[in-house]
Amino acid sequence: MARTKQTARKSTGGKAPRKQLASKAARKSAPVTGGVKKPHRYKPGTVALREIRRFQKSTELLIRKLPFQRLVREIAQDFKSDLRFQSSAIGALQEAVEAYLVSLFEDTNLCAIHAKRVTIQKKDIQLARRLRGERS
């Protein structure tokens, strides 16, 4: 048999369409309702871990200044009315309070991990304070 030269042919785009199953056809023929896209959601815990990393890197104060100032003034009212505070004094109080809370939460987290949990509970805070000698 003699060899013949083959000429290039235009392709028609792959495989021939197959018949769809009844369930697929029913799904495709159903009307699309508005095309509203669901908002993206991260897996549980992903955002929490991202926030932990972000706050551990940062050095700024985490409690808002004005609400903290109102709280300090409200507590000070119980001891003496008409007390005045320098802004630097309230700033120093806020630094001390935040440092205390961060270290308390670190100890609380260790107590929860010791109990084979990842969620901190009230009893973890109580145990951490008791071990520190703050509360009997």
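In case you wondered, yes, glycine gets a Cβ from its N, Cα and C as well.
Annotation source Swiss-Prot lists N6,N6,N6-trimethyllysine at LYS5, LYS37, LYS80 (among others). Summarising the annotation, Swiss-Prot assigns N6-acetyllysine to LYS15, LYS28, LYS37, LYS57 (among others). Annotated N6,N6-dimethyllysine per Swiss-Prot: LYS15, LYS28, LYS37 (among others), in sequence order, evidence recorded as similarity to another entry. Per Swiss-Prot, the feature N6-methyllysine maps to LYS24, LYS37 (among others). Annotation source Swiss-Prot lists region 'Disordered' at 1-41.
Sequence features, as recorded in Swiss-Prot, placed on the structure.
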| residue | record | contacts (Cβ under 8 Å, 6+ apart) |
| --- | --- | --- |
| LYS5 | N6,N6,N6-trimethyllysine | none |
| LYS37 | N6-acetyllysine | none |
| LYS57 | N6-acetyllysine | none |
| LYS80 | N6,N6,N6-trimethyllysine | none |
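The DSSP secondary structure for LYS80 (N6,N6,N6-trimethyllysine) is coil.
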